[in-house]
């Protein structure tokens, strides 16, 4: 049973990142087809709400705590930093820079989450007294180094085949997009990606509070998805009054929205909320770099995307840093359990002596 509790969050996060990777691959196709970003986010969050609402009602109706105004405010803020605004910033950043550059920002999420958790005392770092704490710092730095390799070093291609027609079309569009005002667009895209990364990192911290005050993953995610749908729709209408953009074009867009809503914004967010509750925000955020690595596993054999040496080295470095960080986190948990057990034994040892004194 203990082994199951130990490995369940890890298996869950690998499955969650696999779901996110497939969402990203499907998203590339429909965004390239001209679908509006905010329209996609709105439909995605609506599907997630419709999918999660009955599950939340049936599974959590007998143990759901009172939904106060304060909890609603936190869930509304969670929708902003974890869904609507974050997804919009990342889509805008991908449009104005490149997919590889944006993935490098996502790889920095564990480091930012770790640094942001320190002032709120959600993570403790006692470098002099704890091996686990030192391992967490080293793991975070190694992850950051891997992200820098992915960003700054491209390297030689590892395969001889050329790009497919779809991939070439995507690259050509990106080049055309940045040819006019390349510097300005790159700066704007970088700012959007950095903003999205900060918001995404802060969501893990906010979720750690929500999981304690409202420990119902299905209900909280359903409410968050509803708020995110309303926010995205309001932002889309305020930016463009052309209602023809809300019309879906073909089965591919419908299936992508269904999958992204049910799996990406539904099951994956519920799983992440559960992992934050079980292991904390740093543990959950540490798996973010796996999205790019798993996406590459689908990109290379099926879409014939080229793999470069820099991507391979960076991915290996990120995985090594992730392993060190998780080892440090597990070491700290073992130390905490040992201290609690030692304290319990000391209390038991003191009870007989106190009874003798009374007699």
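Yeah, the Cβs are placed from backbone N, Cα and C, and that goes for glycine too.
TrEMBL entries are annotated by machine, without manual review.
Taken from TrEMBL as is:
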{"type": "TRANSMEM", "residues": "7-26", "note": "transmembrane segment"}
{"type": "DOMAIN", "residues": "18-142", "note": "domain 'EamA'"}
{"type": "TRANSMEM", "residues": "38-57", "note": "transmembrane segment"}
{"type": "TRANSMEM", "residues": "69-90", "note": "transmembrane segment"}
{"type": "TRANSMEM", "residues": "96-120", "note": "transmembrane segment"}
{"type": "TRANSMEM", "residues": "132-153", "note": "transmembrane segment"}
{"type": "TRANSMEM", "residues": "186-206", "note": "transmembrane segment"}
{"type": "DOMAIN", "residues": "188-326", "note": "domain 'EamA'"}
{"type": "TRANSMEM", "residues": "218-237", "note": "transmembrane segment"}
{"type": "TRANSMEM", "residues": "257-275", "note": "transmembrane segment"}
{"type": "TRANSMEM", "residues": "282-303", "note": "transmembrane segment"}
{"type": "TRANSMEM", "residues": "309-326", "note": "transmembrane segment"}
Interface-richest range of 38-57, 186-206, 309-326 toward the transmembrane segment (132-153), CB pairs under 8 Å: 309-326
Confidence summary for the domain 'EamA' (188-326), mean pLDDT rounded: 86
Which of 7-26, 69-90, 186-206, 309-326 contacts the transmembrane segment (38-57) most, counting Cβ pairs under 8 Å: 69-90
Recorded stretches the transmembrane segment (69-90) and the transmembrane segment (7-26) touching, at least 3 CB pairs under 8 Å: no
Counts by DSSP class (helix H/G/I, strand E/B, coil) across the domain 'EamA' (188-326): 120 helix, 1 strand, 18 coil
Composition by DSSP (helix, strand, coil) of residues within the domain 'EamA' (18-142): 97 helix, 0 strand, 28 coil
Residues from the same chain, set at least six apart from the ends of the transmembrane segment (257-275), whose C-beta lies under 8 A from its own: 9, 12-13, 15-16, 19-20, 22-23, 26-27, 40, 43-48, 50-52, 82-83, 207, 210-211, 217-218, 220-221, 224-225, 228, 248, 283-284
